[in-house]
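Database features, via TrEMBL:
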DOMAIN    26-476  domain 'Major facilitator superfamily (MFS) profile'
TRANSMEM  19-39  transmembrane segment
TRANSMEM  82-101  transmembrane segment
TRANSMEM  113-132  transmembrane segment
TRANSMEM  138-159  transmembrane segment
TRANSMEM  171-193  transmembrane segment
TRANSMEM  199-221  transmembrane segment
TRANSMEM  320-341  transmembrane segment
TRANSMEM  353-374  transmembrane segment
TRANSMEM  386-408  transmembrane segment
TRANSMEM  428-446  transmembrane segment
TRANSMEM  453-473  transmembrane segment
Amino acid sequence: MAGGVLVASTNGRQYEGKVTMFVLVTCLVAAMGGLLFGYDLGITGGVTSMEPFLVKFFPGVYKQMKDESGHESQYCKFDNELLTLFTSSLYLAALIASFFASTTTRMLGRKASMFTGGLFFLIGALLNGFAVNIEMLIIGRLLLGFGVGYCNQSVPVYLSEMAPAKIRGALNMGFQMMITIGILGANIINYFTSNLESGWRISLGIGAVPAILLCIGSFFLGDTPNSMIERGQKEGAKKMLQKIRGIDNVDEEFQDLIDASEEAKKVEHPWKNITQLRYRPQLTFCSLIPFFQQLTSINVIMFYAPVLFKTLGFGNNASLMSAVITGGVNVLATFVSIFTVDKFGRKILFLEGGVQMFICQIIVGSMIAIKFGVRVEGSFTHIEANLLLFFICLYVSAFAWSWGPLGWLVPSEICSLEVRSAGQATNVAVNMLFTFFIAQVFLTMLCHLKFGLFFFFAGFVLIMTIFIVMFFPETNNVPIEEMNKVWKSHWFWTKFVPDVVVDQDHKAVA
């Protein structure tokens, strides 16, 4: 079934088109790239809290965890550099891979990058599942990171280019939806494998399943018209545009894409180009949005959730079940963003989510401070534990309908074609760099800052919310190639963006 919709063009005109079933299915398959990232986020914390896994690979952590002498603060039970390296090494690899993925995406197409990412993740998951020593475990993690880097670079761009402008937000958020489904699936698997002697092998090895689905699915995907034109396949690009729009007359929109591609070809060095003043808004948001996204602390909540709940006195099964609950809230809340992002816009979701996250982090930090102090002496009652879990779920839901999906959507939709690959690679690289950094230092920060860690992240949430108020213009329903008009009308960014004059053939001339 296809519904009629006006598809915005790159020069402000409107074209008749349809939201075709082909587009919906294609975007659903492509969004499966998010399953890889989500599954790893969810699986890691559960595995690192499983005793057989710790005994085999991190006996020092296991001994520290079982130490009842009282010499070690409960906050510091899991503070181990090798353990955090196991978690964070993936994101360092993803950071490196994102730069190679940028070139692959531009020269070979978006679907080629998705297939490559799936293949890397498949090999990495199998190595982790069959690991017999720490070296094999780390190498597997690095390959998983290459897979995540390739998918996170190519999938958001693919979705933004395939989707009509009117529903671009909702379809692009399919990527975030798949991330949350991956997290929830991983939490559920951890819960059922935690009591098995080799349960950790099952948890890590099942990561091969979403990788296989993506590899197979990518064979059946068509590449985007933008990518095909970029690589000189104009005839195939026009047929693809007709297919995804559901109509034969796409001449005007097709010409717009050709014009944009011709302008992009004049740029010999996209990495150098994106540093020019005229692209300062794009570079700023492609850098600061992923930076701020990680400073919400959401990923440490997700991949250290079982460890965090265990630290706060939850039993092993209770900590894993709490992670399942937060994962479920994450999925449900993402649906809110899908149905509201194109109706209410990006900015209002950023702001509401920021205020809600700030309040929840202050409350959670205060509850832990009042109950535990600095040495975790005492424990939560059943009612108090449920109340703590409630506020953590409120925090997760706020992220899931704001900074979570928008952190991938906004950078993918604000860059014109000539800097799109460089912009998205910057987004992924910054995201992975600070995911690596936070993952590497979180357990140490928990050990030293204790409950103050929640106040630390709350401070960054306040800063990023003010940043959105001051500097982010609404990008809802704006065609990708018309974003310069948005920057030009903004009180701050107007001084960086040159005036654009439209000639009689409707071509933009700076």
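We number each residue from 1, going along the chain as drawn.
Glycine residues also receive a Cβ, built from the backbone N, Cα and C atoms like all the rest.
Predicted, not measured: the structure shown is a model, and the values here were computed from it.
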Between the transmembrane segment (453-473) and the transmembrane segment (199-221), do 3 or more CB pairs sit under 8 angstroms, pairs being 6 or more residues apart?
no
Interface present between the transmembrane segment (428-446) and the transmembrane segment (138-159) (three or more C-beta pairs under 8 A):
yes
Could you give the residue numbers and ranges of same-chain residues that sit at least 6 residues beyond the transmembrane segment (353-374) on either side and whose C-beta is under 8 angstroms from one of its C-beta atoms?
73-75, 296-297, 312, 380, 384, 387-388, 391-392, 394-395, 397-399, 401-403, 450-455, 457-458, 461-462, 464-465, 468
Given the cut-off of 8 Å on Cβ pairs that are 6 or more apart in sequence, determine whether the transmembrane segment (113-132) and the transmembrane segment (19-39) share at least 3 such pairs.
yes
